[in-house]
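Okay, structure first, notes after.
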Amino acid sequence: MSPLTSSLLLFSLLTSSLEAIPVLQPSFPPSSPSPAPSPGVRILRAPESIVAPLGDEVVFECETSLQPEGFEWSYRRWPNAANSNGSVGASRFKYLKSGNGKLNVTQETAISRLRVLVRPDTVGEYRCIGWFGPLVVTSTTARLELANTSVKGRQETHLQWRVAPGNSVLWSCGQQVHSNPSASWSYYRNGVEIKPELAATNGNLFLTNVSTASAGKYTCLATNPASGARIEISSSMVLEVLSGRGSQNKAPHLLSGQPTSQAVTIREGSTLLLLCPGVGSPTPTAVWSSPDVVEAIHNKRTRVLNHGLEISNVQGHDTGTYICYLDNGVRPTLEHFINVTVEVPPRITRPPWADLTNEGERMQLECEATGVPAPELYWLLNGESSINDTEAEQLPNGYLVLHSVQKRHAGYVQCFARNRLGEQSAGTLLQVNPKQIQSEPRETGSGGGFGSHRSMKPVNHGQKPTKMIPPSPPNVTRLSDESVMLRWHVPRNDGLLILFFKVQYRMISEGKRKNWQTTNDNIPYGKPKWNSELGKSFTASVTDLKPQRTYRFRILAVYSNNDNKESNTSAKFYLQPGAALEPMPVPELLEIEEYSETAVVLHWRLDSDADEHLITGYYAYYRPSSSAGEYYKATIEGAHARSFQIATLEAATIYEFKLQSFSAVSASEFSALKQGRTQRPRASTTEEPTIQGIGDRDTTSHNQPSHNETVSMSPMLTGTIGGGALLLILLVSAFLCMCRRRSPRGRGQTQNKPRMAELREDFVPLGSCSPNKQRQRTRHIHITLNPLAQQQQQQLDEKNPPGLETDNDMAYFQRQPTYEYDPGLRRMSSSSLRRSQRTLERAGGANSGGNNGGNNNNLNQSSEAGTADGPCMQSSSKPGRVIMKRPRLSSRSENLSSGSLNSVGV
């Protein structure tokens, strides 16, 4: 990736894409070291330094805890880029391009390998970079060095020593040799290789308890283990061992060429062998002590040898001066001083710690480390050196100061401690809350709808132009292989009201640019009320995504003027497959506390072995237990949270809840479901009103009565309402009484008058359902109240011969009457109807034997045709009207309808 592409990527971090971003007051890290915010990803195995000869091919390996979106490697020349003590120079790392014949980069899931051909122009420092969406995690530096062996100066030393038998002799053969890596040594006596009694002596040959058999000429040879190069040292030592008879008593003393003191440097964790040179007659004995190191001799790691002291697993506190006393009873004794320096790789004791920071604020990041030699600190901001950032300044104590935090600083900040033994790094998430950019006022005409962006000349009538404040860019968290969770917020403002939100996303690929996709769901804004001074926060999930793809997201806000405005896009998010992710700690719901009628409090905990550093916050899901719909969601920021209040619930309702933890990369499994309920509504208590005298009236209280208190009304208002109700009751009673008195007279006067409306009410139209839901015959009766209508009916029958369909609008079913007859009239009507029925039957019987002629009075046929299969008459054809002509009925039958019944249609 080119530096320009990297810069554009960093510039895309306009907000913290890792956390919710309300505006917070600046906070400072706690005085005691605490876990720094972690992105959930880290370098598991950093590349290691290699020493190799020219022409060799070496492999650097880098492994991350999660599979990154991509790996890259950077390089800079060495040793020009760093001093001999390992301090960092000013040269910059450059990104490498694979396939130029000198190097090759391969990737296998979360492991990247860099193959380098060792050449003079490839010697230097390498480090790998893992891209996790907006996060850039950089490994420590690995050094590629050339294997070499050289001799300091060409001064030859030929020593001749004469010693009494039983003494120990120390010969330093390799002090003039410099080798990278450390050389292996071979020793020869009279040209024959011998095996040294003590190994790892760094070119020092130590002969113990010499005898005449030890006499001879000694030489040595150095071999480079990496290149195999061998250097034969021209120096030599001739040893002569005296016989025991001719030796005289001598105090302990040094031989020619032996040092009076030594300086030993060793790496922590190695095995240290201290040798005490000196001979005497009789053979002296060595006694060890140290004025600087407590219990240097008497501990489990120390073993006293003949003229030697061995310390295993050397620690930093073993540094100091060691004194060897040689004593054989002849004065004076010999003192030999050895200064031991234990080198310790750098260790970061106080990692950086960053909190959510507003754009433009000043921030100081602290980092402290120990090591021998003292390590040098340097900083990387999303993989870029702080030296190249104009807003960054590194103080003499190693602290980093950002004078004005910018959006480009959002991401992963790493502190590196370095000395010649190696490097160590520690990092923290730096989250930047950007300044809200007020949008320019836009006028929308009457035709402006959703997505309208037409610009018009502003018309100012003395009012402030309305503004559309966009939502913040969404923070993205993985939920599953095919879904993510988005979190955004709207800062507190006095702009246009937002009606709802839409989520848009786009897949990023190397080919053709993909279009933005819009989800179908409308995310409601809710009540136009700010939850806090910080604004309102929202969450939404996006499903049907593809794993191992890179996406960008943005939020579209629709305002009350039917216009819309998009948020800034999120940083690139690489959707990891679940198999490649480190599992997140799963919270355990402990209790659902009934807090109020509309709120509950969730209480949870984490397992004792859970890594809290991986957690950024929690998602709470809840819904009524009687519902099978989607869950409502709430976001809980902070890994240390153990309780959370959920409000705006319904009273006396049982809900089910579940939790999951999340980080910038993934989310945990859901906790077990747990049910809880809100409190029942409190029963209101009513206080009986008390009558107070004028003197007892309280004139100092002006508070409004509470919701559970009864307000007493004034006596005048109470009397007015009571009197009106009583008057209304009297009027209704009088009206009902008058109606009942007039009813008998009216009934007697109107019982002999035509009651066409009442008769019509007794019949229902054909084709409709019978009120009593029973099968009835298809019988319709036409009652003519006018005696002269018989002739008109005959003329009508001639116009409509039998078989011709007639209008069915006037056809009715007869139903049970719903009014009460006068008893006398009921008896009279019943007898008249029976006579009429017998007359009709005789007339029908007389005509049944002959030809029907013009009359279709076949009653049996009509009855059969009128049989219905159900309560509703649904005949496919309209029934014809059957007219039966007969002589005039008796006078009694006239009372049937208070008139003449001239024709009956059946």
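Here the Cβ of each residue, glycine as well, is placed from N, Cα and C on the backbone.
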From the list C62, C220, Swiss-Prot names as the disulphide partner of C128 the residue C62
Between N104, N860, the N-linked glycosylation site label in Swiss-Prot belongs to N104
Whole-number Å distance separating the Cα atoms of C415 (disulfide bond) and R552 (heparin binding site) is 29
If one takes Cβ-Cβ under 8 Å and requires six or more residues beyond its ends, the residues near the transmembrane segment (716-736) are none
Out of the disulfide-bonded residues C128, C324, C367, the residue with the smallest number of other Cβ atoms within 10 Å is C324
Not counting R506, K512, K514, R552, residues with a CB within 8 A of the CB centroid of the heparin site are M507, I508, S509, R513, N515, W516
Among R506, K512, K514, R552, which the record lists as binding heparin, the farthest-apart pair of C-alpha atoms sits at a distance in angstrom of 15
Rounded Cα distance, in Å, between C62 (disulfide bond) and R552 (heparin binding site) is 27
Between the C-alpha atoms of K514 (heparin binding site) and N568 (N-linked glycosylation site), the distance in angstrom, to the nearest integer, is 17
For R552 (heparin binding site), the closest of the disulfide-bonded residues by C-alpha position, picking from C128, C220, C324, is C128
Other C-beta atoms within 10 angstroms of the C-beta of C415 (disulfide bond) total 27
